[in-house]
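Enquirer: Here it is: the structure, laid out below.
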Amino acid sequence: MSVRVRLAPSPTGNLHIGTARTAVFNWLFARNQKGKFILRIEDTDQERSRPEYTDNILEGLSWLGLEWDEGPFYQCQRYELYQKATQSLLDKGLAYRCYCTAAELEEMREAQKARKEAPRYDNRHRNLTDLEKKAFEAEGRQAVIRFRIDDDQIITWNDMVRGKVTWKGSDLGGDMVISRAAGGDEVGQPLYNMAVVVDDMDMEITHVIRGEDHIANTAKQILLYEALGGKIPEFGHTPLILNKEGRKLSKRDGVTSISDFQELGFTPEALANYMCLLGWTPPDATEEIFTLAQAGQNFSFERVNKAGAKFDWDKLDWISSQYLHNLPVKQLTDKLIPIWQKAGYELDPEGDRSWLEQLVTLIRPSLTRLTDAVEMSELFFFPTVELNEDAKTQMQNEDSVKSINSILEIINADAPLLVADVKQTIKKVTQKVHVKKGVVMRSLRASLTGAMQGPDLIESWLLLHQKGFDILRFKKSIGQEIEDTKIEDTKKAETTPHKSKGEGNVLLKTTTPKSPALSKEQTQTTKPPKKGQTATPVATTPTATDVTENTSVGTQETQSQITTPVATTPTATDVTENTSVGTQETQSQITTPVATTPTATDVTENTSVETQETQSQITTPVATTPTATDVTENTSVETQETQSQITTPVATTPTATDVTENTSVGTQETQSQITTPVATTPTATDVTENTSVETQETQSQITTPVATTSTATDVTENTSVETQETQSQITTPVATTPTATDAETREQKVATQVETSILDDQKPVDTVTNQTVEVEQPNKIKEQFINIFFNFPDYINQLYQQYQGQLKLFGWLALVILTFTFMAVVIEALDGIPILSIIFELIGVIYLVWFVYRYLLKRSNRQELLDKIENIKREIFGKPS
């Protein structure tokens, strides 16, 4: 006899993924055994069954490629067959009429619950007399028909998936209802178990393949097969499909119906392929991509798993991508056209066919689901695109604007564009504008796609050029006006959800011209500081010669700005000095000005300090004081604050001498750092000294400028400048004072330094010598390591003494948990373990408990163990130094 399997869904909802997986296994088994696959619609529940659900089930099975050989059969058309079978059971005395009301049954269940018994029917109406039946009918009660199930019955079958399965009659809940209530001698509507058995017998079903949640029904149905005299089929109960928490997948988990997966963009081939793997392992476990026909050739229930199968969305997406990447372009285009149309994209399936296939070729390698094409191809269906922030930043570059302008001059909107033309155009632009190829490519991507990432750039340009969209986007990206033009090829539907991407029928017209592009130098150095940043100007002092120095001060801030102008004073000559310093920062910068004082000769000292910071900025200007000659001093201080304030520095007073001394102090801190550049003092010779100090800080740094002082004698006076900080930073200046001679001993320099430090009320710091002190670092590390190793047992002992109670409690809890866990495993495996093996396991547990108590829990033994460790250490390492 040939194999006959069936799928029997109930039309109370759309085709569920679990029902579809059951259909796949039935179909595969039938094809493997050269049998028949029969479809039966179990619609006996007329209150919940709907025709639209029936249609959804049939359409879903056809969409998956699960064509049935016979059917569909409808149970609602087979009532007469069920009534005859039920009446035969009544005639044989295997079934009876039960007149219990719903209230009586509920009262019975509550009583059983109070006695902590499993709810079941107590068979109270199994042996009613005719007189009792007439009395119930006289009360107007209608009787259901129940099938007798004796408690002492044993039901056993060999399951194709689970092996031998045994049920007791006492576990089936008492006599089961097989027909709904009806008056008199009528037989009511059949219930599930009765209708299923009658249909399977009538259709000669040989194998019943369904989910494991039907195992209890199988025991009841086997009793009905025997009572009706039918041949019992073989049963196979497949594992359930679980959600990520390990529970049965249900409607509460969201996407569960086949129509939902279809809406999400999965192809039927990919979904059917994945459902094969939900509980079944192919002979070659590494071969995960196959058709239903290929799976049917290898299918067997020996490779169906017993454990539930978790639904893995990542695995499904991967399988879907494999199918889409290998699908021919024409077939994939046919599948994507309705998806584009549903998204509101205007296209001509016939006239645009060639262009659409080029688009499919471009996006196919990136597709995971069919619906991904909506977002991926959006930029190709509209004349213009909006630039994101990265693209806008790219197009603010002067080289980008020049590149796009050059492309507009070269490209011909009416001529076809080929790959060779694109490459030649890019080469010409790089030579003409003198920019790197990367700049041109980034500019093209930003203007054409509105983003800095996307599909292949050249292929995208070719597609956009065919629609005439490339010229429009080039012009818009650099701020040129776009004339109102009717778009013939593509227009935006009024109902499209993508209105923000641009109009469909009329090109956007930009009336606001784009800001002129900054020069390359400006784009590299002029960046506004962020919140809480202040730029610090640098003041310079001219020499006593006819020199004109122009400096500009520019401070740009985002939120908090502090601008302090610098007062400059010319020397005794006709000198004009304009001071302005530009400080430009990216995130947070602090520029520390250094004031320089010229000597009485042709000496020029230039000191520049560049400081880059990450977060905060403080600007501290420095004022300089000229010598005792014709001096004009103009000082103006303007302070603009938004959030924070900065204290103005202190200027020092020079005397009229030919010697200049510059004092600067550098203090470095771990978190809050204050960096002060160090100024050197030139002698009265023709010397030019250039000093630059660069300080990089991590969180918040403040650079404190130091004013220089000229003396009238060979004595130099050092003055420290104190700057108030924004957060918590202090600058401690330390000056070094050289004498007017060329030779000076180290002791004299140190003495001078100490004296200067005392005058400044600061700690002396030796900034003169660069001597290196050699330290035997390896020996120190070795000694430190040995000390740590020798003290480790003491540390452990102290830790144990401190937390002795907690550690003991934790140890006992862990021991109890491990013991009970182990004992549970042993008890569970008692059937398969010989008694001798159990004894050895118990001995092992007892020894483990004794060992822990003997060596780890008792204080005396623990101290003994520590003493032994100490002795071993002394023998190996000797006494610690």
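Each residue, glycine too, has its Cβ placed from N, Cα and C.
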Enquirer: Swiss-Prot lists motif ''HIGH' region' for one of the ranges 9-19, 229-239, 427-437; which is that range?
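Expert: So the range that Swiss-Prot calls motif ''HIGH' region' is 9-19.
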Enquirer: State the residue range annotated as motif ''KMSKS' region' by Swiss-Prot; the candidates are 43-47, 48-52, 248-252, 473-477.
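Expert: So the range that Swiss-Prot calls motif ''KMSKS' region' is 248-252.
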Enquirer: What are the DSSP helix, strand and coil residue counts for the motif ''KMSKS' region' (248-252)?
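Expert: DSSP composition of the motif ''KMSKS' region' (248-252): 2 helix, 1 strand, 2 coil.
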Enquirer: Starting from the Cβ of Lys251 (ATP binding site), draw a 10 Å sphere and report how many other Cβ atoms land inside it.
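Expert: The Cβ of Lys251 (ATP binding site) has 11 Cβ neighbours within 10 Å.
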Enquirer: For the region 'Unknown' (481-881), what is the mean per-residue pLDDT, to the nearest integer?
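Expert: Over the region 'Unknown' (481-881), the predicted model scores a mean pLDDT of 47.
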